[in-house]
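Here's what Swiss-Prot has on this protein:
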type: DISULFID; residues: C22-C70; note: disulfide bond
type: DISULFID; residues: C38-C62; note: disulfide bond
type: DISULFID; residues: C57-C93; note: disulfide bond
type: DISULFID; residues: C60-C69; note: disulfide bond
type: DISULFID; residues: C84-C107; note: disulfide bond
type: SIGNAL; residues: 1-20; note: signal peptide
Amino acid sequence: MNVLLGGLVIFATFVTLCNGSCYLMPNKMVPGDSTKECTDLKGNKHPLNSRWKTENCDECDCLEKEISCCSLVAIPVGYDQDNCQKIFKQEDCKYIVVEKKDPNKTCEVTQWI
């Protein structure tokens, strides 16, 4: 029993860390319209039960009543902020942490959110 409980605690912690930045948008259905799709914030249409990645590094799901989106970006917080800086790489949807004096050298990161 303790093993199961411990496993659930670890799983819940992992899920919390992975889903740190999510949001929901209502899926605007027009009464009498039988189309099964979602319209994102840019006006693009997506089939029901589909998944896509936005240019803002969110992963979104088209559900029947809503669009669910979660950030794919982990933000570094455990690093030497006096000597290092974080740089966002849009094309990879990730941060790198480098030395301020020599941006060719990476810094150690001990914690991400």
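Note: Cβ is positioned from N, Cα and C throughout, glycine not excepted.
If you compare Cα positions, C93 (disulfide bond) sits closest to C70 out of the disulfide-bonded residues C38, C69, C70, C107. Taking C57 (disulfide bond) as the reference point, the disulfide-bonded residues whose C-alpha atoms are within 10 Å of its C-alpha, out of C22, C38, C70, C84, C107, are C70. Across the disulfide-bonded residues listed here (C38, C60, C84, C107), the residue whose Cβ sits among the most other Cβ atoms within 10 Å is C38.
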